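Straight from TrEMBL, the features:
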| type | residues | note |
| --- | --- | --- |
| DOMAIN | B:99-327 | domain 'ABC transmembrane type-1' |
| TRANSMEM | B:12-33 | transmembrane segment |
| TRANSMEM | B:105-126 | transmembrane segment |
| TRANSMEM | B:138-159 | transmembrane segment |
| TRANSMEM | B:201-220 | transmembrane segment |
| TRANSMEM | B:258-279 | transmembrane segment |
| TRANSMEM | B:309-330 | transmembrane segment |
Amino acid sequence: MAKHKVLVVGLLLLAVLFFGCAGEKQEAPKAEVKTITIGVTDKITELDPANAYDFYTWEVMNNIMGGLMRYKPGTTELEPFLAESYEVQDGGKVYIFHLRKDLKFADGTPCTAEDVVRSIKRVMELQGDPSWLVTEFVDKVEAVDDYTVKFTLKEPISYFLALTATPPYFPVHPNYKPDAIDPDQTAGGVGPYKIASWVRDQELILETNENFFGEKPKVDRIVVKFYKDATTLRLALEKGEIDIAWRTLSPVDIQSLKGKEGLQVIEAPGGFIRYLVLNANKDTEYPTKDKLVRQAIAAAIDRQEIIDKVFMGTMEPLYSLVPNGMWSHIDAFKDKYGDGNIELAKQLLSQAGYSESNKLKLELWWTPTHYGDTEKDVAQILKAQLEKTGMIEVELKSAEWSTYTDYARKSAMMLSLFGWYPDYLDPDDYTAPFLKSTANNWLGYPYADEEMDKLIEKASKATSTQEREELYKQIQEKLAEDAPIIPLVQGKLTVVAKSNIQGITLDPTMIFRYYLLDIS
Amino acid sequence: MSSLKAYIVTRTLMVIPTVLILLTLVFFIMRILPGDPISAMVGQKVPAEVLERMREEAGLNKPLVIQYIDYLKGVFTGDLGNSMIWGRRPVMEEIMDRFPATLELTIFGFTISVLLGVLTGSIAAFRRGSKADTGMRIYSVVAYTLFIPWFGMLLQMFFGVYLKILPIGGRITPGLAPDHITGLYVLDSILTLNLESLETSLLYLFLPSMTLGIVLSGAYTRILRNNLIDVLSQDFIVAYRARGVREWKVVKHAMKNAFIPVVTLMGLQFAILLAGAVLTESTFSWPGMGTFLLERIEYRDYNAVQGAIVFYAVFVALISLIVDVIYALLDPRIRY
């Protein structure tokens, strides 16, 4: 008996010791260092811009590196960043950038034209995942002198400046391995912050880069904590473990955090879109190869219902692949079909030979984790909307991400849900990869239309914005007519932060600029 | 060779076919499933020809048998290959980044479960038929049936959000990680005499290891109670008591005898513990092997999954070996 009493006392002591330690001591102690802690559910995959090709890693790169051009914070307007100015020559085939003369990497090593050229050639040679953003367009890159970089393109590309604002074009420190991908390299490039420490999947600590040419960030230290799911992220915010909860809280959590004392919820439109792919492959037996069927589906879908019931207002309806707010955008699908237009859907289905007794049988695919927990609900609502016609029967099917992408490439799915993050902010990035017959193999539905191909080709080379705008409008109208893809919703960006955090700037680039933050 | 030595050698040699069979199964199952790591990683945007080149570089277009032989060659030379996605880092490096976190959580969870189990089991047995016994038996059933993410979240809400005394997720306060010696933060903090790190790492460990420990303790409570009751009614205990041997000595002997099945359970629990750690890790954003393995299965990172499973298998086999040896030492009749 005495023995187990000792054990009880021992356990109690242990508990007291734990709780005794527990106080408000969990934040790093250096009070004089202005620190903001950001929580995310994303992860950094690798710190080499020659191979990193995911949204969150690109965000981190935009805070520790920079390109010749950048998007002016809060806008979709491009401005010179590492370059002071640029010239376009030879009908848009040659771009010359004049670099700033005060560029330095975080350790003080000067950054010259030679470094820019070395970094871009490195991307081209290593042929990592995003290298096509360089190799598809650039024929030659050379340093004319210490501060001048000259690009010769394979052919004129109207959105080349936007490409130079993407990480594959960012100059990297000479410490990066010249002939191999360097996933753990923290030397970075020329940016407002430098990496002070990085523990994979746990934490990233950024500190002000004293050698940065521009305005110094107001916050000395940014700590990013990586969480596994939205629930833990929300609890961490409520506990005060983090100052900002960034990507991605669930719609329900965002809803319930709105109006909570001491917190602010900031929303902005994002360039992230969701859409439904209809297999238009003429070689298959899928009923979706019939344009009338595709049009009927397009008519039956009610976007607002999806937003209200699944996303609780954290998305907005989208009626074109070109997102709302981007130049040339038109509500092509709304103009042609309306929204949730069951009558029109029925009419089109009848024309296609279906009736209530001879129902159109569809298979709708979704993937459980890649687009978050809400995906199943999206699929179920779509099923209900389509079946509302009384002439459609939908079977839901799901597969995890690697299988899903495999099926997509093999054209094995009839209807499938997908999403898209932009590489560069131009209508081209929202149209060509989906609709150009030589670029849409990844969707496994060879939607190939000669007229569409010509329009896209012409739009990507035209130099006048007015001409491009006209062409992209035609592309969107043709997309609505042929309906191989039906745009559904556009993502909103949401940041929930403590109310003493200032400077949160969100824009369609979706890059959270930590260097604009401040704390009071 | 003594029989104990022979036993240990035989048990060690048996690990090899076990791991080999497991490895072969994982190798082929992963490849039979649709999807491959390259297209899962790059998703949609990369041109088809680039994808093909990447597959070729990863050796995925070789015949399956050749891939298998190549892989086995690597494993036997201690090379688990490179991860196929995100940086193509050596699998061993990826594992060593995460395994210490899992091991640390496992050790603490395991210790808590045994301590709680032994405590509650003994109380129940020594007070058989009392309210305490009923209480402990209810505890064992409830603990055993708790769903880790749900229970973990309750603890997070109470100790984290409501009382604000314990961290919600992660392993240590950013910037306070101790110098890397073993990768076990508690041990490294002690070795480097870093008290601040020790304190915070214990705080971060508390909720996940408690969750895991409580859930797993139920089985110990039950088995120890039943065995103790059994042992306490045996003749030798009655004889001890009849001779007036002091009660604590009786308890000591009873415990020693009742402990044999507990040790067996401890060995078996280790495998369950690793599985339970997967759920605990994701609930508490614990950066360990569990979440790594799940993520890599989803992305069909063949080498990482194979490597992690081989590593786990060897680890669990070693633990069972140790348990078997302890078992053999406790009860000399057990030698095969």
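First residue shown is number 1, and so on along the chain.
Keep in mind that glycine also has a Cβ here, set from the backbone N, Cα and C atoms.
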- prompt: Hey, would you say the transmembrane segment (B:258-279) packs against the transmembrane segment (B:12-33), going by three or more CB pairs under 8 A that are 6+ residues apart?
  reply: no
Statement: Note: vs the transmembrane segment (B:201-220), the recorded stretch with the largest number of Cβ pairs under 8 Å from B:12-33, B:105-126, B:309-330 is B:105-126
- prompt: Counting Cβ pairs under 8 Å that sit 6 or more residues apart, are there three or more between the transmembrane segment (B:12-33) and the transmembrane segment (B:138-159)?
  reply: no
Message: At a C-beta cut-off of under 8 Å, are there same-chain residues at least 6 beyond the transmembrane segment (B:138-159) that contact it? List them, or none.
response: 120-121, 124, 165-166, 168-169, 206-208, 210-212, 214-219, 221-222, 225, 276, 279-280, 282-284
